[in-house]
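Student: Structure below; questions to follow.
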Amino acid sequence: MIISSASDYREAARRRVPPFMFHYADGGSYAEQTLARNVSDLENIALRQRVLKDMSELDTSIELFGEKLSMPTILAPVGACGMYARRGEVQAAQAADNKGVPFTLSTVSICPIEEVAPAIKRPMWFQLYVLKDRGFMKNALERAKAAGCSTLVFTVDMPTPGARYRDMHSGMSGPYKEIRRVLQGFTHPFWAYDVGIKGKPHTLGNVSTYMGRQIGLDDYIGWLTENFDPSISWKDLEWIREFWEGPMVIKGILDPEDAKDAVRFGADGIVVSNHGGRQLDGVLSSARALPPIADAVKGDIKIIADSGIRNGLDIVRMLALGADATMLGRAFVYALGAAGRQGVENMLDIFKKEMHVAMTLTSNRTIADIKPEALVDLSKL
């Protein structure tokens, strides 16, 4: 099929990737209301067009935690990313590296830290959950440091997993899931060969290395469910702050008071995120949550925003709402599932071109120029 926009990759991935993996990325929790609002709330934000300004020298680059980024975005941590393309985390990391943006490796990646880090030139970021098994956390941090990971992304909005009903229907979970996945592989032969056969082993690389045995896809949800820690508090993060010398970002902030706590804690950044609508359904979209958080802590801590970003215009919207940078999750997974590394590189090119158009027609030469004034206050119309 013809790919003319990043959204086309979703349809391409739906055709190529078996349902149990496509819907794992595409779906949200419960009735998926927050998942829908993440997208619609961004779409409904109007940009303020300004013309007859000299926009011949336009710059989308930023500096974040001492790193130069070609555009204000980071590839977000996505679990089991290696099931969307052969050794998918490596391909996505190489695409990000080639386009000058960071890649964040998930705790529950298929490819382990030691496989991904040597495949790229720039340091990758590493994402970690708060888990009951503190030994695993310490081991993961030590390995991330040894591999040269530059920034730690600490996900705090998963003390318990959300209920993802769509996974029950698709075969990711639910009755007869194993045989349903096998049958789906027969109807998706290219994926079955490229990922199912050539992409082995299908284990959680970081977990398997620590456990000394293979932890596969069937163990994935069970292992996470058993290890999520509902007793987590800011105090539990103190030993990590002492252990990790580099930048530390707290992911999963939706309330200004939590953002202030992150500043007091000494975090270097936060990610305003509802986990892509995959945790508590019914919470605010990131676009709605972002402005009051920016009012509370802008300038005291770096603000990254994710959830609902589907094009370069959405990145500009998030920046105008108060973010310093953004994270892309589903957008790059669709591209990865559809066309591997090349797909992710092309998707990033598309996003950057769309940013150029939006910045030109809102008369913002640099990322620092993008302020709330780039938006139209529809309540006054």
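Any Cβ shown, glycine's included, is placed from N, Cα and C.
Found this in Swiss-Prot, in case it helps:
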| type | residues | note |
| --- | --- | --- |
| DOMAIN | 1-380 | domain 'FMN hydroxy acid dehydrogenase' |
| BINDING | Tyr24, Tyr129, Arg164, Arg278 | substrate binding site |
| BINDING | Ser106, Gln127, Thr155, Lys251, 306-330 | FMN binding site |
| ACT_SITE | His275 | active site, proton acceptor |
Student: Check the Cα-Cα distances from Gly322 (FMN binding site) to the recorded positions Tyr24, Tyr129, Arg164, His275, Arg278 and tell me which is shortest.
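Tutor: When the Cα distances are compared, His275 comes out closest.
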Student: Can you tell me the CA-to-CA distance separating Met318 (FMN binding site) and Arg278 (substrate binding site), as a whole number of Å?
Tutor: 20
Student: What Cα-Cα separation, expressed in whole Å, is found between Tyr24 (substrate binding site) and Arg330 (FMN binding site)?
Tutor: 10
Student: Taking DSSP as the reference, which of helix, strand or coil describes Arg310 (FMN binding site)?
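Tutor: Where Arg310 (FMN binding site) sits, the three-state DSSP reduction gives coil.
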Student: Within 10 Å of Ser106 (FMN binding site) (Cα-Cα), which of the recorded positions Tyr129, Arg164, His275, Arg278?
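Tutor: So the list is Tyr129.
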Student: With every protein chain in view, what's the tally of Cβ atoms within 10 Å of the Cβ of Tyr24 (substrate binding site), excluding that atom itself?
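Tutor: Total other Cβ atoms inside 10 Å, all chains included: 25.
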Student: Could you state the CA-to-CA distance between Asp314 (FMN binding site) and His275 (active site, proton acceptor) to the nearest Å?
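Tutor: Given the Cα positions, Asp314 (FMN binding site) is 17 Å from His275 (active site, proton acceptor).
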Student: Among the recorded positions listed here, His275, Arg278, Arg310, whose Cβ has the fewest other Cβ atoms inside 10 Å?
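Tutor: It is Arg310 that, of the recorded positions His275, Arg278, Arg310, has the fewest other Cβ atoms within 10 Å.
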Student: When neighbour density is defined as the number of other C-beta atoms within 10 angstroms of a residue's C-beta, which of the binding-site residues Arg164, Arg330 has the lowest density?
Tutor: Arg164
Student: Quick check on the binding-site residues Ser106, Thr326: which one has the highest count of other Cβ atoms within 10 Å of its Cβ?
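Tutor: Checking each of Ser106, Thr326, the winner is Thr326.
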Student: DSSP on His275 (active site, proton acceptor), three-state: which is it?
Tutor: helix
Student: Under DSSP, is Thr326 (FMN binding site) part of a helix or a strand, or is it coil?
Tutor: strand
Student: Based on Cα coordinates, which of the following recorded positions are within 10 Å of Asp306 (FMN binding site): Tyr129, Arg164, His275, Arg278?
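Tutor: If one measures from the Cα of Asp306 (FMN binding site), the recorded positions that come within 10 Å are His275.
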Student: Any idea what DSSP makes of Arg164 (substrate binding site), helix, strand or coil?
Tutor: coil
